[in-house]
Amino acid sequence: MAGREKITVRHILKAKQRGEKLVMVTAYDTPTARLVDEAGVDMILVGDSLGMVVLGLPSTLQVTMEDMVRHTAAVARAQPRAMIVGDMPFMSYEASVSEAVRNAGRLLAAGADAVKIEGGSLYTDVIKAMRRAGIPVMAHVGLTPQKHKLLGGYRLVGKTAEEALEIIRDAEEAAEAGAFAIVVEFTAWEVAREITRRIQVPTICIGSGPYCDGQVLVIHDLLGLTPTPPPFAKRYVDLASIIRGAVEAYAREVRSSQFPAQDMYWGMKNGEYQRLQKLLERENQEEHENQG
Ligand SMILES: Nc1nc(=O)c2c([nH]1)NC[C@@H]1CN(c3ccc(C(=O)N[C@@H](CCC(=O)O)C(=O)O)cc3)CN21
Ligand SMILES: CC(C)C(=O)C(=O)O
Ligand SMILES: [Mg+2]
């Protein structure tokens with residue numbers, strides 16, 4: 001998508017009508033948000049994958065509103081042209097509609113342009129209430145990692161006609177309730193294609209094939225910083241090797257006294273070192289006099 005102006009919900013909807021693919025990637029901090037924005041992505045997802053790729057947590061279930069507010073604010077400080085989507089963490093929108101709207105409001109106040117919730121049919125009340133509050137909301141269907149315990153792990157979903165139908169209904173009802181886009185995660189490709197054909201709002205896919213209006217990837221997977229990435233995550237660069245190599249070079253140079261070299265340290269003003277020596281000598285003498 002060309003142009004310099006801030007990307008809004010209108011742009012995202014128009015992209016589908018024009019047949020232009022949408023590009024989304026995660027970011028969790030200011031410098032990364034700046035870089036992915038300079039690369040020209042349409043949307044930055046401050047994902048709750050934060051917990052797994054940045055905070056070292058076992059799953060996304062441990063991620064809190066406080067985590068999401070802090071990292072959404074960090075991304076917003078990059079002032080990206082891309083739309084910032086803040087993931088609603090586990091238990092921030094399930095217990096009640098009013099709590100969901102309040103928590104979504106916190107993410108917008110932190111700088112998000114929209115929020116994302118995991119679910120479809122079961123969350124139409126939440127989607128409608130957010131719309132009523134003027135909060136753009138993205139839905140997320142297929143594999144929903146916050147429900148991995150119920151789903152039985154992080155597996156491909158929609159492989160049977162019954163399961164496929166359920167996912168298609170999720171997407172349709174979320175769109176009907178007012179979601180402006182739908183993330184379709186790790187479904188059989190036919191399911192994502194069917195959803196993409198049936199709904200007016202764009203589908204943003206991850207691990208669900210090419211017949212979608214856009215794609216999303218976790219930045220650490222794309223950069224090669226995830227030790228065991230999901231099978232659908234393409235690694236565009238091996239940053240892990242690059243980082244390890246750079247730090248090994250630094251360690252070598254410190255141990256061999258090559259770093260810091262002459263051009264990387266600085267001295268006092270002319271004559272000041274000699275004056276310092278005299279000051280130190282005088283202090284030494286005074287100490288002796290006081291003792292004796
Ligand atoms: N780094 C990262 N990238 C992601 O895309 C991502 C996260 N983390 N965390 C949140 C969710 C979880 N996702 C995942 C995680 C693992 C698999 C995966 O490895 N699937 C295996 C089977 C694993 C199992 O059975 O336990 C597969 O081959 O299908 C898929 C999606 C996608 N999301
Ligand atoms: C995998 C994407 C869609 C996500 O929800 C996240 O990064 O948290
Ligand atoms: Mg997420």
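Backbone N, Cα and C define each Cβ position, glycine as well.
Together with Asp48, Ser49, Lys116, the 3-methyl-2-oxobutanoate site in TrEMBL holds one more listed residue from Asp87, Asp170, Asp213, Asp221, which is Asp87.
In the shown protein chains, 25 other C-beta atoms lie within 10 A of the C-beta of Glu118 (Mg(2+) binding site). In this structure the C-alpha atoms belonging to Asp48 (3-methyl-2-oxobutanoate binding site) and Glu118 (Mg(2+) binding site) are separated by 11 Å. Within 10 Å of the Cβ of Glu185 (active site, proton acceptor) there are 24 other Cβ atoms, across all protein chains.
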